[in-house]
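In what follows, a structure is listed as structure tokens, so that the remarks can point back to it.
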């Protein structure tokens, strides 16, 4: 019981709400900060609440609506999430509806809403703009207990999952000035939280935050091997008959991993945005009902999963930001039992993520997302406590060691030179890369091809003419992973750029030298002037992980 709740235990309202909590939900006690949020909403106050996954966000808007006996409107981004909530409420004997693109007879549902048939009205952000008049009438005729905006981080341009549709729902204060707004999220930094308050015009700019710590989650990071089966199958075998989610970066990778698991006689479902709604619904339902234990998915299988006994979450590929990663591992251990989160990465993953980011033409978006990606890179490469890195990212103070992550438990203590970061001067190698690319005109090669050339690979894709290139084999003393890091840093610093070219059915990613890169090499050739060149084209020492 937190201090706020302790100060209210003798009030009549507190006793009524505790009785409601027990009668409807079967719980004896509120979770941290729950009562404070509920009480403020009942008082008509706006609230921005940041509660970790499994902290009971739904009760924060359900209990006020039941207590006030007025309908609540909930903005939710996923149809699957709405349906999950509707089914849960149905089991509790509480009426609710989901107004979204799947509804065939919207006119009838609007009529039912105005006849007060539903206590909870779930609406997608895309659909709510068409319900303005109905919402105003509902407030005039019966009153609305609150407007709840779930996954509120989607409204902030500073957040990891900004969605344009959420920007269209900022009208509530104009049409319902006296109805409290409850903005809810499990993943928001202080900057994002304040932006949520500003955009929604809340009468508060200070969020109510509970701890982000999920002490029952074990955190471990590993580098990918050349064979995904060697990485994933042993983990699945370590936790037999347990519910497992495996996240992949792309739809193609999702299918590939699912096929590999099938070959190894591992039964799994697959879920990504390219599949039919029928297929996705079946996978989702079968997983929730334990008909399948393992799902391989993209992040499309994220917010809509309300399964308490997920025991393992595997990220096969570096996530693009810490907020998304935190939300996805939050699918694990919602029952409070110990659960295990593994992340596999290589530096090609970061190049893939940069490519995704570059496909958005908004420079502010690119800048924000690239900064978030760098934070994720630090998480997977640093040797300090993983939990400490996560919690400090969310502006939460914590102890130096959690004793429940790979770094604290000494998992890597016998591994030489893996994931040890150091600042390295790679000017000569950077110059080698740029000169190699410039020496092969009219060629559209990706990072891996240039690395193969530098390392003197015997790959058949390297033509005899290129094998005669003076740079062929000059980088053989360094590993492919090491070279990938150098390429990644050169792209990050603007000396190279990754360009998408459509040469056939599918686009390919090729590497080009930028004007900044050409200028830098020209100056680097002057040798003695290298340390005195203009800072705008200076190559900084880079933080490297791979040592050879």
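Easy rule for this one: first residue shown is 1, then count along the chain.
Even glycines carry a Cβ here, placed using N, Cα and C.
Feature annotations, courtesy of Swiss-Prot:
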BINDING   51, 52, 53, 54, 55, 56, 57, 58  ATP binding site
DOMAIN    38-206  domain 'Helicase ATP-binding'
DOMAIN    231-376  domain 'Helicase C-terminal'
MOTIF     150-153  motif 'DEAH box'
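Overlay of Swiss-Prot feature records on the structure.
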{"residue": "51", "record": "ATP binding site", "Cβ contacts under 8 Å, 6 or more apart": "33, 57, 60, 184, 186, 209, 210"}
{"residue": "52", "record": "ATP binding site", "Cβ contacts under 8 Å, 6 or more apart": "186, 210, 211, 212, 213, 214, 330"}
{"residue": "53", "record": "ATP binding site", "Cβ contacts under 8 Å, 6 or more apart": "186, 214, 326, 327, 330, 331, 334"}
{"residue": "54", "record": "ATP binding site", "Cβ contacts under 8 Å, 6 or more apart": "214, 308, 330, 333, 334, 336"}
{"residue": "55", "record": "ATP binding site", "Cβ contacts under 8 Å, 6 or more apart": "31, 32, 33, 34, 186, 210"}
{"residue": "56", "record": "ATP binding site", "Cβ contacts under 8 Å, 6 or more apart": "30, 31, 34"}
{"residue": "58", "record": "ATP binding site", "Cβ contacts under 8 Å, 6 or more apart": "85, 88"}
Q.
I want to verify one value. Collapsing DSSP to three states, which class is residue 51 (ATP binding site)?
A. coil
Q. When the motif 'DEAH box' (150-153) is classified with DSSP, how many of its residues are helical, how many are strand and how many are coil?
A. 2 helix, 0 strand, 2 coil
Q: Starting from the ATP site formed by 51, 52, 53, 54, 55, 56, 57, 58, give every other residue of that chain whose CB sits within 8 Å of the mean position of their CB atoms, in sequence order.
A: 31, 186
Q) If you draw a 10 Å sphere on the Cβ of residue 57 (ATP binding site), how many other Cβ atoms land inside? A) 23
**Q.** Structural state of residue 56 (ATP binding site), classified by DSSP into three states
**A.** coil
Q | Remote residues contacting the motif 'DEAH box' (150-153) - C-beta distance under 8 A, at least 6 residues beyond either end | A | 48, 57, 74-77, 81, 159-161, 166, 183-185, 187-188, 192, 196, 200, 303, 323
Q. Taking the domain 'Helicase C-terminal' (231-376) alone, what is its mean pLDDT?
A. 90
Q. How many helix, strand and coil residues does the domain 'Helicase C-terminal' (231-376) contain under DSSP?
A. 67 helix, 27 strand, 52 coil
